[in-house]
Amino acid sequence: MFMPSFWYFVFMRFVVGCFIAGPSSTIYAFLGEFHARRHNALAMNYASLFVGLGMTYVPAIAWLVLSMDWSLQLSDSFAFRPWRLMMIVNLLPGLIAACILLMLPESPKLLLSLHKDEEALAAANWICKCNTGKDLKQLGVKKLKPERTMVDKVHITSKSCFQTVKHIWQETRPLVHRPYVLNFLLSCVTMCGLFFSSNGMGLWFPEIQNRLSMTTAENPETICQIIIDTLNDRNDLTNTSKVCVDEISDKSYIDSISMGLCYVVGYLLIGGIIKLFGRKATVIGSLLLSTVCGVTLFWLRNPTAIVVSFIVFLTLPGLCISLLGSGVVELVPTHLCGKAVCICLLLGRSGSIFGSHLIGVLLESNCYLTFGIFTGYVLVCMLLTMTLPI
């Protein structure tokens, strides 16, 4: 927030992303240690509800702060403006989360792998008291037994970089061998598709919505016809001088807040649906409905129906990310679930990057093909989910 130039700012944002990516992946595995396996899907779904709250919080704060018009000149080359204040306010949820994590015990499984048996027992006892109100002694538990009989050193205690990398590979290798490789690879492809559809196209949601609001056609048109019309109108204005405007319309904030609220409501509803139909049926049904909404976008002409269908098409795959993540935790042994979830989310985020770039390349040149690819991948994800034992 205090970087004096654009490229310094971009570099620091990249560093921030690197530090956030790791904890955001491992938190699912960490959360899984606080609940019985039968509650994993529900717990992770409600934990992911805060993703929707974050998606609502950020544009709401931006709307509040960026609406201000002031500048505090701290030096000849540095001015403190509202967007820098917004960066500070956006740090608050992360700081609160860090303080909460400090109050939680370390992972009992990690402590066991480090041969810290007493600390692992104390951590498990803390979890037991929170969940049942009783300590482990009352339940007849005096000692924790490691899940693996093989004794090996944890890579974080190694002083050699080569040994650390070698150990990481040895720990990860079982994921690409039987009996886990097939389900793990299917989960990775599915996770990639969920991010590809929800985040990849979701990044372009405000831009597409903005184009929908710009149309002046008297007759109702489909979403692709509107995008093509706005492109033609822009090409007709080649002689118009371009002016840089740093103001953001209220509609951009409202659309982003609406998307976040849809995620919040969606996570609340999915929590109840899981109890009725189970995780697998919930994911399949959500992706089926998303596919139907994606197909209807080719023909819908009513502006309100287009917006509703578009939001449902983007939101449902995003809601399924946490459900699939909880399923991955149960597909592999607990000592591998952290790595499995991290790799799945790594490929998932790669899918969102690829999806957002694909839209940038194809949306204007071939809108129908773009929506066809994204809708088709959601359908593929649904079919792959049918084969997963989650």
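Using N, Cα and C of the backbone, Cβ positions are placed for all residues, glycine too.
Just so you know, TrEMBL annotations never went through curation; they're auto-generated.
Database features (TrEMBL):
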SIGNAL    1-17  signal peptide
DOMAIN    1-390  domain 'Major facilitator superfamily (MFS) profile'
TRANSMEM  6-31  transmembrane segment
TRANSMEM  43-65  transmembrane segment
TRANSMEM  85-104  transmembrane segment
TRANSMEM  180-205  transmembrane segment
TRANSMEM  256-274  transmembrane segment
TRANSMEM  281-300  transmembrane segment
TRANSMEM  306-329  transmembrane segment
TRANSMEM  341-362  transmembrane segment
TRANSMEM  368-388  transmembrane segment
So which residues does the transmembrane segment (281-300) touch in its own chain, when a touch means Cβ under 8 Å and the partner is 6 or more beyond its ends?
197, 222-224, 270, 273-274, 306, 309-310, 312-313, 316-317, 319-320, 323-324, 327, 368, 371, 374-375, 378-379, 381-382, 385-386, 390
Where among 85-104, 256-274, 306-329 do we find the most Cβ pairs under 8 Å to the transmembrane segment (341-362)?
306-329
So, do the transmembrane segment (180-205) and the transmembrane segment (368-388) meet, by the test of 3 or more Cβ pairs under 8 Å (sequence gap 6 or more)?
yes
Looking only at residues six or more beyond either end of the transmembrane segment (256-274), which have a C-beta under 8 A from one in the stretch?
41-42, 45-46, 48-49, 51-60, 63, 202, 205-206, 282, 285-286, 311, 314-316, 318-319, 322-323
Among 85-104, 306-329, 368-388, which stretch has the highest count of C-beta pairs below 8 Å with the transmembrane segment (43-65)?
306-329
Give residue numbers and ranges for long-range contacts of the transmembrane segment (368-388): same chain, 6 or more residues beyond its ends, CB-CB under 8 A.
183, 186-187, 189-190, 193-194, 196-197, 200-201, 223-224, 280, 283-284, 287-288, 290-291, 294-295, 297-298, 313, 317, 320, 324, 327, 331, 355, 358-359, 362
Long-range neighbours of the transmembrane segment (85-104), counting only residues six or more past its ends (CB under 8 A):
1, 20, 54, 57-58, 61-62, 65-66
Contacting positions for the transmembrane segment (306-329) when only residues 6+ beyond its ends and CB under 8 Å are counted:
28-29, 32, 40-41, 43-45, 47-48, 51, 184, 187, 190-191, 193-195, 197-199, 201-202, 205, 208-209, 212, 222-223, 258-259, 262-263, 266-267, 270, 274, 279-280, 282-283, 286-287, 289-290, 293-294, 296-297, 300, 337, 340-341, 344-345, 348, 375, 378, 381, 385, 388, 390
